[in-house]
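Q: Dropping the structure in here first, questions after.
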Amino acid sequence: MRLVPTPEQRELRDAVCSFLAAASPMPAVRRAMESEPGHDPEVYRRLAGELGLTGLTVPEERGGTGAGHAELAVVLEETGAALLPGPFLATTLAAILLTETGEKEILAGVAAGTTTATVVLDGNRALNGAEADVVLTIDGDRVLARTDGERRALRTLDPTRRQALVEPGGEVAAVSAAGIARARDLFAVAVAAEQLGVLRASLEAIVAYSRIRVAFNRVIGSYQAVKHRLADMHCTLEQAESIVRYAAWAADEAPAELPGAAALAQAYLGRACFEVASGSLLLHGGIGFTWEHDAHLYYKRAKADEVLLGPPRVHRARLADLLEL
Amino acid sequence: MDLEEYRRRARTWLEANAQDGPDGRAGGASDPGGVAAAKEFMAKLYDAGYSGITWPAEWGGQGLTQAEERAFAAEAAAFTLPTYVFSIGLGMCGPTLVDLGTDAQRRRHLRPLLRGEEIWCQLFSEPAAGSDVAALQTRAAATDGGWVVDGQKVWTSVAQHADWGLLLARTDPDVPKHKGLTMFIVDMHAPGVTVRPLRDMTGRAHFNEIFFDGVHIPAENVVGRVGDGWNCAVTTLLHERLSIAGGVGMGGQKDNPVAFEALRRTADTADPVVRDRLVELHIRSRALALFNQRLAQETKAGIFPGARGSAAKLLLAELTMFQADLATSLAGPEAVAWIEDGPGDASPGGTGNGEGPGVGTGDGAGGDGGTAGGDGGLAHAVSLAPAMALGGGTNEIMRNIVSERVLNLPPEPRTDKNVPFKELRTSGEAPR
Ligand SMILES: Cc1cc2nc3c(=O)[nH]c(=O)nc-3n(C[C@H](O)[C@H](O)[C@H](O)COP(=O)(O)OP(=O)(O)OC[C@H]3O[C@@H](n4cnc5c(N)ncnc54)[C@H](O)[C@@H]3O)c2cc1C
């Protein structure tokens, strides 16, 4: 089992991190979220093209990089920490689904970064459903794909990522019950990696603030009521990171462990991420409640992510089943 | 050897050699036979190369990393090892001597410690100095060729069996409190040392109070430099938290009636609330186990965990309380009242046969009601659980350490740092 990133994975993380710091810092995120498309298409184009990240886990013979889910997790941690707007996660989930079910044609465009895609997650709701080129629907053991159909943008709690009602269905793109089951677990791991990034960034923000904000002639980070909460959040971060690394390792190396690891990842990370994001917001004081401060964006992303793949009880029930309780 | 191979070999050895019985906490003060058996086991463990895994080969260790040590601990968790009486020596005193001892001290002490021939205790806490260890009052005064010690220590685990103690004493009351301390090796059989077992909340006596009455310590038994005892103590405490979190010398989870595997057999999992509580226990146990494994892998890769060991210790303390609380509340009335009947009984105040919770948890057939509660095992577990959150530093102290040394937040303002020790306030005194 490997729980520590390899030097190559650390390099990848640094590359994504510095790209996002330059191309999509928080002021740019705010501009993007208020813009018409809801994200900066140029940032997405470079992320997909220059960095090749939409094809990261797509096998080389199908036009991708052929990297593992441990690499993908490192990337999603950074896009999560940066609250990157736009269809990167949606397209990544689509790439996972198409890869696992053996689809080739749509996947080629996704891997090349020229096609954006999304997956209908429940009912007829999809991340970035209004702007995605292709909408994928899971129907039993089949994956259906369509480029047409009605799309209706939804209002969202999280202003940094859009959702839409879409028309499910379309042509059969692939058939594979096993591939679909595995893809669902991989969705759980991918979202958990994003949550880890959101969690980490929320904690870093409040740790930094508590070193400079003064009350009663002392920085607030010197008060135990504050320090002890931050220490607990740090403990949460340590466990969250350990679980994400484990789940990503299981995705790459230990398929039999994946279902349990994926359910564990969602059951732990969803709560952990929201608790840390909300703790971070509250410890900021009044400024944390303002639109102008970023704390609410992390808080809202954390909540949106927590329920993205179904409410926490779904993952806990899945764990109970897998543990044969 | 890679870690997986190391684990496989360890498992094979444990299967062949580890006892399936109560561990060395066994009879505590009342059962010297348990300690003799534990010493025998320890010699075998040492000869097989599983004692002192991370210690330098030069001093009798194996020269491996914490990764191997944690790997061994992970395998040992499936067994019940009688290593409790050695845990203070292995986890704290020994590593301190490895780091800070003189060659003569290392040569004299480390091998017998690793082989279980000599038992060690840690003499830091006093009635008025626990979290604030540097407030201790035990005096060591210089005399010809050494030191004379007077004072009292308390909560000293395994001292009733100990041959040696790692003592922190005040050698200079005229300087600020952190500056006037010195660490010593003290012979627990020396004239003037009195060990009085203290009954703990489980009803047994695993810790003690110690009185020093004009005890002579030779000069060569100073550890580190005179006046540098605080820095030495910090080294010991760092080892303490890492070893507790890593489970060094703590025996195993086998037959633990509050562990997930036992609860799934005894609890009513048809009830969705019970199921969800068990899922929570699974999540927390896995989360901490994975964190510990990650720390081990980082250490192997050259990243020293340092104060992050305190995060693991805090999480373990919380999990221990959560687990015992959950198990007893799931079991219901028979967790707290049971028929006292023979060897499985672990009732507080009884003769108690061990840390091991006894029989009846293996297949759910033990207790009257078919639950693990029926033999006192759960009552014992819930009585023992607070130990983890107090020994080795309280949860509040762990949070201070994580916030100050991991997150680099400033300490609270201190009024005790630059004042001569003799001018400071102590517990029980009226405010100045
Ligand atoms: C099972 C067991 C085994 C032990 N074994 C040993 C041993 O072998 N050798 C040894 O030397 N000691 C041993 N101890 C002692 C142990 O280290 C101390 O009990 C512990 O450090 C707490 O000190 P105290 O009891 O004086 O509590 P206090 O320090 O009086 O603490 C009382 C309360 O105040 C809180 N508190 C204190 N200071 C602060 C602060 N700065 N910020 C916030 N809260 C604070 C504490 O968290 C606690 O809640 C053992 C204890 C137990 C329970």
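For all residues, glycine too, the Cβ spot is worked out from N, Cα and C.
TrEMBL labels come from automatic prediction, so no person has curated them.
Got these off TrEMBL a minute ago, pasting:
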type	residues	note
DOMAIN	A:6-105	domain 'Acyl-CoA dehydrogenase/oxidase N-terminal'
DOMAIN	A:189-321	domain 'Acyl-CoA dehydrogenase/oxidase C-terminal'
Q: Under the DSSP assignment, what numbers of helix, strand and coil residues are found in the domain 'Acyl-CoA dehydrogenase/oxidase C-terminal' (A:189-321)?
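A: In the domain 'Acyl-CoA dehydrogenase/oxidase C-terminal' (A:189-321), the DSSP-based counts are 115 helix, 4 strand, 14 coil.
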Q: Report the DSSP secondary-structure composition of the domain 'Acyl-CoA dehydrogenase/oxidase N-terminal' (A:6-105) as helix, strand and coil residue counts.
A: 68 helix, 0 strand, 32 coil
Q: Do you know the mean pLDDT across the domain 'Acyl-CoA dehydrogenase/oxidase C-terminal' (A:189-321)?
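A: Reported value for the domain 'Acyl-CoA dehydrogenase/oxidase C-terminal' (A:189-321) is a mean pLDDT of 97.
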